[in-house]
Amino acid sequence: MPINPTRSRIRDRNDPINRPEFMSLNQPLRNSNEPRGTLRRPGSLKRQSSQQQQQQQPQNVQQEPLENNTEDRRESVKLPEEDCIQLNPSFKGIAMNSLLAIDICMSKRLGVCAYSHSSWGSVRSMVNLLAITGHGIPWIVGTIICLTRSNTMAGQEVLVNLLLALLLDVMTVAGMQKLVKRKGPWEMTPGLFDYIAMDIYSFPAAHASRAAMVSKFLLSHLVLAVPLRILLVLWAFLAGMSRILLGRHHLTDVGFGFALGYLHFNLVEMVWLPSNTCQTLISIGKLTWIPL
């Protein structure tokens with residue numbers, strides 16, 4: 001039976017699916033990258049997926065070196081441990097860090113003779129000469145020369161004990177400096193005398209320790225007038241402070257050096273060598289002692 005075309009048209013018009021608002025339901029899904037009016041085929045879907053994977057691979061390869069570069073930058077920007085802030089620090093840690101900060105700040109401000117172009121650079125040579133008077137090498141060499149020229153047993157006894165005190169001071173300070181390894185407030189290379197006397201680091205101050213020990217030793221075993229005693233104490237103080245002015249030591253280094261020198265003096269007084277022992281040591285040094 002033939003179909004009337006007019007009836008089929010009327011039927012299509014009455015069908016709700018053929019309305020304009022429902023036309024998208026009859027069409028397949030389209031990719032956003034595809035132009036309108038084109039339908040996707042199975043082969044084209046496979047090609048597009050392979051192309052997307054190939055495009056994503058170089059992007060991932062580019063992201064990996066970028067991430068590595070950012071990690072390297074973060075590692076290079078890492079601050080040293082002393083510059084990092086600790087979370088929830090204790091009261092003791094805060095107090096110690098504050099005192100150290102004050103010590104470093106004041107020591108740098110007092111280093112007015114650290115360089116020739118400093119504020120007091122014109123008197124740097126005089127301050128350096130004052131610091132040399134507290135060095136260990138001149139004191140040890142001078143004590144040995146005086147010991148060889150001394151003729152009295154009392155004088156030799158004092159000089160031998162002074163020599164032992166100087167050697168004790170040099171060895172103790174050098175050991176503590178090697179253990180602590182604290183640097184001075186200003187970056188300076190040690191001199192020749194510093195390397196010989198093993199006075200390389202800052203804590204404790206060797207010149208301050210030696211000046212305090214020698215001044216206390218001479219005040220206890222020599223009969224001196226009052227002006228000379230005052231000058232001796234003033235020399236010990238200025239010899240220690242000269243190292244701060246030269247930028248070699250901190251204030252705490254010099255203060256601990258004075259205390260250490262006084263401790264060395266008390267230790268030498270406790271183990272004081274008598275005259276007979278000193279004469280034996282002198283004869284051994286002169287290679288004239290013959291054992292029985």
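Backbone N, Cα and C define each Cβ position, glycine as well.
Per TrEMBL, the feature compositional bias 'Basic and acidic residues' maps to 9-18 (among others).
Annotation source TrEMBL lists compositional bias 'Polar residues' at 24-35.
The compositional bias 'Low complexity' feature in TrEMBL is assigned to 48-63.
Feature annotation from TrEMBL assigns compositional bias 'Basic and acidic residues' to 70-80 (among others).
Residues or ranges marked as domain 'Phosphatidic acid phosphatase type 2/haloperoxidase' by TrEMBL: 157-269. Over the domain 'Phosphatidic acid phosphatase type 2/haloperoxidase' (157-269), the average per-residue pLDDT in this prediction is 89.
Look at TrEMBL and you will find 1-80 tagged as region 'Disordered'.
As annotated by TrEMBL, transmembrane segment applies to 126-147 (among others).
Long-range contacts of the transmembrane segment (159-180) within its own chain (CB-CB distance under 8 A, at least 6 residues past either end) are made by residues 136, 139-140, 143-144, 146-147, 150, 197-204, 206, 209-210, 213-214, 217, 257, 260-261, 264-265, 267-268, 272-273, 278, 281-282. Residues annotated as transmembrane segment in TrEMBL: 159-180 (among others).
Taken from TrEMBL, the feature transmembrane segment covers 218-238 (among others). Within the chain, the transmembrane segment (218-238) has long-range Cβ neighbours (under 8 A, six or more residues past its boundaries) at 130, 133-134, 158, 211-212, 258, 265, 269.
If one looks beyond the transmembrane segment (126-147) by at least 6 residues along the same chain, the residues whose Cβ comes under 8 Å of a Cβ in the stretch are 113, 120, 156, 159-160, 162-163, 166-167, 169-170, 193, 196-197, 199, 206-208, 210-211, 214, 235-236, 238-240, 242-243, 245-246, 248, 282. Sorting each residue of the domain 'Phosphatidic acid phosphatase type 2/haloperoxidase' (157-269) by its DSSP state yields 84 helix, 0 strand, 29 coil.
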